[in-house]
Amino acid sequence: MSLSAPLTHSPVIDVESGSPPSHPSTITDSKLLRMNKYAFILHFSQATLMLATYLAVDSVRDFTKPVRYTFAKFNATTNGFTQESAEAFDLPVGLITPFFLYMSALAHLLCMARPGEYLGMINRGINRMRWYEYALSSSLMIVMIAALFGVWDLGNLVAIVGCNASMNLFGLWMEEKNMPENRRGKEVDWTPFFLGCISGVVPWVNTMIAFLGGGDFGNIPKFVYGILIGYFVFFNTFPVNMVLQYAKVGKWRDYRYGEVTYIVLSLLSKSLLAWLVFGGTFQPNGS
């Protein structure tokens, strides 16, 4: 199937009224496909560079974080349960981080490989591929971030993945529920968005408890706080785009403008986050 599309204007999906207005979108089918192509190339290139570095540099290859799991064990002496822990595995941060970008590259490749299906979804005011990819790739990234800042318990990491994936699936539900064909002039239903915010904040609370729980705030270098804040800000730029989109602010009335913004945000934020995490593998392996 050809990846090209005619250089024509395309209908706007107006997120306020739920119907196409009289004016066309300035964002053509071809531009959307080109944006996906550029994003694919850049995600894939960065991931491959990281993977090559991992294979070539011993310190990156050897950098791991110990993942443990806790369990209850019955104590016959006290006639009660005690909590014990055991090592599950070592988390190879330098190996896993590139695959976060490979997942994003694959999603853009699939959009290019099936342009009819992709553009059809966009014209209906939804991109299911985006949310499925986010649920996987961002969950992998938040696990890497959490591990770097002290979340090494397997149960906590599983909970982080579940909450983060749920947050993105709530994003999918937000689009499903507010598709023009489903709204038919009704007000925007923000319920999925607010539920997603609740799910999304849990991994960060978990991470902050692990990072700051020791109370040794003064000995933590200030730049480490800056990095953690940077992680939080860039990781959470995506909900801002959704708010602007469904609050019908300026150009965001056009669903295609929001789609382009998601592509750009995904590339910039994920690239920065991935390199920050990957850069963490050059620190001494103090696990």
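Glycine is treated like the rest: Cβ placed from N, Cα and C.
In TrEMBL, annotation is done automatically, which means it is predicted and not curated.
For 1-26, the entry in TrEMBL reads region 'Disordered'. Residues annotated as transmembrane segment in TrEMBL: 38-57, 91-111, 131-151, 157-173, 193-212, 224-247, 259-278.
Sequence-distant neighbours of the transmembrane segment (157-173) (same chain, 6+ residues past either end, Cβ-Cβ under 8 Å): 67, 126, 128, 131-132, 134-136, 138-139, 142-143, 146-147, 151, 192-193, 195-197, 199-200, 202-203, 206-207, 238, 242. Same-chain neighbours of the transmembrane segment (131-151): 65, 67, 91, 93, 96-97, 99-101, 103-104, 106-107, 157, 160-161, 164-165, 168-169, 171-172, 175, 203, 206-207, 210-211, 213, 228, 231, 235, 238, 270, 273-274, 277, 280, counting only residues six or more beyond its ends whose CB sits under 8 Å from a CB of the stretch. Just going by CB pairs under 8 A, the stretch in 38-57, 193-212, 224-247 that sits most against the transmembrane segment (91-111) is 38-57. Residues of the same chain lying 6 or more positions beyond the ends of the transmembrane segment (224-247) and with a Cβ under 8 Å from any Cβ of it are 15, 134, 138, 141-142, 145, 149, 171, 174, 178, 188, 190, 193, 196-197, 200, 204, 207, 211, 255, 258, 261-262, 265-266, 268-269, 272-273, 276.
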